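Below: the structure, in structure tokens.
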Amino acid sequence: AWYVPCLASLETLQELCRKENLTCKSIGITNRSLKSYEVEYLCDYKVEEGKAYYLVKWKGWPESSNTWEPRKHLNCPLLIQNFLRDKNEYLSRGRGGKAMKLRNHVKTLKPAIADYVVKKAKQRIALQRWKEELNRKKNHKAMILVENTVDLEGPPLDFYYINEYKPAPGINVLNGITTGCECADCPAEKCCPKEAGFILAYNKRKKLKIQPGLPIYECNSYCRCGPDCPNRIVQKGTPYSLCIFRTNNGRGWGVKTLQKIKTNSFVMEYVGEVITSEEAERRGQFYDNQGNTYLFDLDYDSDEFTVDAARYGNVSHFVNHSCDPNLQVFNVFIDNLDLRLPRIALFSTRTIKAGEELTFDYQMKGSIDLTSDSAEGLSPSKKSIRTVCKCGAMCCRGYLN
């Protein structure tokens, strides 16, 4: 048997069941719950004969079933709080950011206000579902939050969360590992970095100690050492809780840390769809017209492959550029020793405060000095159309490319 995933949300399926008077235990619609009512969000407000009423959207019911309910019948203080906050937010925008409340004699909301409140409610629900989806799919313990206090933009429609490279047809990203180190206590003389001709990348505090441009060789699945090995850092995934948030200066989504990050700490991995450089050139022409910068050349040893994080990626998809970044790129080899296909890890270049936005330099010439040779091996795909930079750094170069 084979299955096709349903693209409809649970609430949409529940609405269809109730509309057709059908039961379905798998989505929670039974004979008992077929006529149950739960407030999903509030749509409008009015005063009649001195009593306040709210227009209610019922969870799992179509909008045609919305009803006006007196305030005293509603036991949803948080939804009422959201409604009032969204209403005041709309009013304050027309007064240059100054809050303004409705006067007591106002009997109804203007249609524009009610429309905005409904859109904010739907956005809040959509972002909550997206946050839950991201946290279901991630493979690390740290949480992912989502926040938009800037506009009505919801989750991206054509983005799919992945935890590791997604190879295009014909590309094998697992190649070359058949043995691992025999260390009982890494690092030892025969540990993985030494076998590859390099030094261990981390110090005793599990912080990076090598210079940009040098590769990181971590212990792999064939190694004798256990999960607490000090040479297993990137493979454990993001250790910090992060928040995908909407920026207020036209840079779209961004990422900020919710925890303090110390210097030279691993923060996240850059993943996406692995494609050939020829395919990257073709896609790049299309992305240029949109102003996107998701193509990242894997040119540590050659220029055969590129990572495209436009549709498939993790939190790093939303990390913005800065000419003065707090993250630096390193090439990592774990279960794949193919020099054409390194994993891309982002490490902190300095202490990053909780709440601070995370950024890296799309041209790899940020706060850590790079030689021209090492920079050439790490640079993202070149673009034919110049994209204006909005990072706001004192040393801003003016363009992303």
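Using the three backbone atoms N, Cα and C, a Cβ is placed for every residue, glycine included.
According to TrEMBL, the Zn(2+) 1 binding site annotation covers C181, C183, C186, C191.
What TrEMBL records for C181, C192, C219, C223 is Zn(2+) 2 binding site.
The Cβ of C225 (Zn(2+) 3 binding site) has 22 neighbouring Cβ atoms from other residues within 10 Å, across all protein chains displayed. TrEMBL lists C186, C219, C225, C229 with the feature Zn(2+) 3 binding site.
According to TrEMBL, the feature S-adenosyl-L-methionine binding site maps to R251, G252, W253, N320, H321, Y362, K390. Other C-beta atoms found within 10 angstroms of the C-beta of H321 (S-adenosyl-L-methionine binding site) number 21, with every protein chain shown included.
In the structure as shown, the Cβ atom of C391 (Zn(2+) 4 binding site) sits within 10 Å of 21 other Cβ atoms. What TrEMBL lists as Zn(2+) 4 binding site is C323, C389, C391, C396.
Residues or ranges marked as domain 'Chromo' by TrEMBL: 37-95. Taking DSSP states H, G and I as helix and E and B as strand, the domain 'Chromo' (37-95) has 23 helix, 22 strand, 14 coil.
Per TrEMBL, domain 'Pre-SET' is recorded for 179-237.
Annotated domain 'SET' per TrEMBL: 240-363, in sequence order.
Residue counts for the domain 'Post-SET' (385-401) under DSSP, helix first, then strand, then coil, are 0 helix, 2 strand, 15 coil. Among the features that TrEMBL reports, domain 'Post-SET' is placed at 385-401.
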Residues satisfying Cβ distance under 8 Å from K390 (S-adenosyl-L-methionine binding site), sequence separation of at least 6:
N249, G250, R251
Beyond the flanks of the domain 'Post-SET' (385-401) by 6 or more, those residues with Cβ under 8 Å of it:
249-251, 288-289, 291, 293, 320-324, 359, 362-363
Given the binding-site residues C181, C219, C391, state which is nearest to G252 (S-adenosyl-L-methionine binding site) when distance is taken between Cα atoms.
C391
Same chain, not part of C186, C219, C225, C229: whose C-beta falls within 8 angstroms of the C-beta centre of the Zn(2+) 3 site? Give them in sequence order.
C181, C183, P187, C191, C192, C223, R224, G226, P230, N231, R232
Site extent for S-adenosyl-L-methionine, whole Å (max Cα pair distance, R251, G252, W253, N320, H321, Y362, K390):
16
Using DSSP, how many residues in the domain 'SET' (240-363) fall into helix, strand and coil?
18 helix, 49 strand, 57 coil
Once C323, C389, C391, C396 are set aside, which residues in the chain still have Cβ within 8 Å of the Cβ centroid of the Zn(2+) 4 site?
H321, S322, D324, K390, G392, A393, C395, R397, G398, L400
